[in-house]
Amino acid sequence: MASRSTKPFSSRDAVVCRGVGKTWSAGTDRAHVALRDVDLDVAPGEFIVLLGPSGCGKSTLLYLIAGLEDTSDGEIWAFGDRVATPSPDRSLIFQETSLFPWLTVWQNVSFGLSIRGEPAAARKEAARQALQRVGLVEAMDKRPDELSGGMRQRVAVARALAMRPKVLLMDEPFAALDVQTRAKMQDFLLDVWRDSEASVLFVTHHIDEAVALADRVVIFTARPGRIKTIVPIDMPRPRDPFSAQSEALRKELTELMRAEVDRAFAEQEAV
Amino acid sequence: MSTASHPADAGDTDGAAAAGTPNAPATRRLPLAGRLAPVLSRLGTTLLSVGLFCGIWEILWALDIADPKLLPPPHIFLGSFPEQAKFFNTAQRWQIGVGLNTGPSPQGAVLITILASGARVLVGLLIAAVLSIAIGVAIRYFAAVEKLTLPTITLLSPVSPIAWLPVAIFLFGIGNAPAIFMVVIALFFHMVLATIAQIDGVSRNLINVARTMGASKRQIYGRVIVPAILPGMLMVLRLNLFGAWMVVLVAESTGVGYGLGQVIMLARNTFNPSLVFFTIALIGLLGFLSDWVLRLLQKKLLYWVPQTAGVLRGL
């Protein structure tokens, strides 16, 4: 059972979830509970990794925090405001490429600004700055299909940064990348995160990724997703993945995950 | 920095690479020749395909199996071009008090006829595309529009365009208007349904990105959904282009001045197989050319859509 926090929350908390649950296709015979009783407090500037077996509802939680889906139970607050609709303050980065293929890189990055009706010159400048932070200024006038997978995800990060979000939600953003590129992207993400001062909620099922990135690792149970436990990581960055501390942590997280993965498998076989 | 190239890149440069690998310096000196080579090879296979068909026909004629009075082979119906061309003056040859030899020259009449039919197809296609995309988008945008129009559109979409011919004449009489109306009506219903299917197929991620950036419903439709469905819609347009050519002939047979449908009717009524096949050849060529133009347009307008034909064949 999750360690239910009873601390009263203030407008200084980046994200606060209280008893959050989500049931898909509620009211039909296909209804299934994806998420139940999630309590989570995220401090400003904190890096949270959500770890769990596939299908445990960790992506669902991101969608709920982004405001793209409505909660079935409980409440979500962001900086003291109830989350009801999407907001540019909470940017979501998807697993697959989500760049607009008909726009150039800089037009993609400044898409959110054009929604606000900012003039082209200002947008281009903002795009240039955001692209500078991800090291892709030279690619400004290219089209997404001219970029590699890693570059495209960096453009997606730049697009999110251009909105100056207070919370960065990342749904397995590096899952489609090869191992070497992923390691590079993790370093890059940590740099960007330090500069931006945003809170990050990062969904993954890679234990290595959690060890490399997180201030706190939130481990989910198998379906229905609940918070099993939260593991704080007090290690300075950059972290050596081969240090004894990393090794011990990896072992601890693997143990915690194993039971849930077994349960998820058993459940899938039962179906 | 990662520099892994994406498969789509390979697809884009595939043609140039294939043409240029054996003698890359030569193609650099002669870029035009390099670009012309694949075009010529494609033209070659087209001619080969058509030549094979015509060759079989000519052999059947030479063996006395195909009666030249009923199935005149290509060298006969194409060889008598000036003679056939004078029938194309369909607009004025029936007028009272006008001599057979007045009006445009036979070659001029062929050109005018082609342009007249082509213009009807083009105008009909444009009107149908604009109308159906607008209605399709409106159906997904407003629930009320869907409830009011979609059942009727679905009900009418299986009706053959031929059935609309009398309606076209009741409404518009004789002339350009009913012919264009026929093209529009033949394409409109299918294209509305295709538009809706395309909208439903737009990636959720793209829509969600726009939502998290604070886009309104109108902005999501205008900035994301409409550009995202354009590639599919142009494909639908291409598929319907041939349909438009078929329908325009039927519509023109009712009497429109100049028009390929008029020529076919004349050929039928005067029992002139050569003229029939000559016109069929002309229509085929026009359909082929207009499809080619639309394909070029697709490449130019929809620069972001990867060309996958070569990749799929290489499987």
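Each residue, glycine too, has its Cβ placed from N, Cα and C.
Just so you know, TrEMBL annotations are computer predictions that nobody has curated.
Taken from TrEMBL, the feature region 'Disordered' applies to B:1-24.
Taken from TrEMBL, the feature compositional bias 'Low complexity' applies to B:7-24.
Residues annotated as transmembrane segment in TrEMBL: B:39-63 (among others).
The domain 'ABC transmembrane type-1' annotation in TrEMBL covers B:110-298.
What TrEMBL lists as transmembrane segment is B:121-143 (among others). Within the same chain, residues 149-150, 153, 179-184, 186-189, 191-196, 198-200, 217, 221, 225-226, 229, 233, 237, 240-241, 244-245, 248, 290 sit at least 6 positions outside the transmembrane segment (B:121-143) and bring their C-beta atoms closer than 8 Å to a C-beta of that stretch.
As annotated by TrEMBL, transmembrane segment applies to B:155-174 (among others). Within its own chain, the transmembrane segment (B:155-174) has Cβ neighbours under 8 Å at 181-182, 185-186, 189-190, 192-193, 247, 250-251, 254-256, counting only residues six or more beyond its boundaries.
TrEMBL lists B:180-199 (among others) with the feature transmembrane segment. Through the fold, the transmembrane segment (B:180-199) approaches residues 120-121, 123-125, 127-129, 131-133, 135-137, 139-140, 150, 153-154, 156-157, 159, 161, 164-165, 168, 171-172, 225, 229, 232-233, 236-237, 240, 243-244, 247-248, 250-251 of its own chain, all at least 6 residues removed from its boundaries and within a Cβ separation under 8 Å.
Taken from TrEMBL, the feature transmembrane segment applies to B:220-239 (among others).
TrEMBL lists B:245-267 (among others) with the feature transmembrane segment. Residues 87-88, 90-91, 109, 112-114, 116-117, 120-121, 124, 161-162, 165, 168-169, 174-176, 178-179, 181-183, 186, 273, 275-276, 279, 282-283, 286-287, 290 of the same chain sit 6 or more residues outside the transmembrane segment (B:245-267) yet have a Cβ under 8 Å from a Cβ within it.
According to TrEMBL, the transmembrane segment annotation covers B:274-294 (among others).
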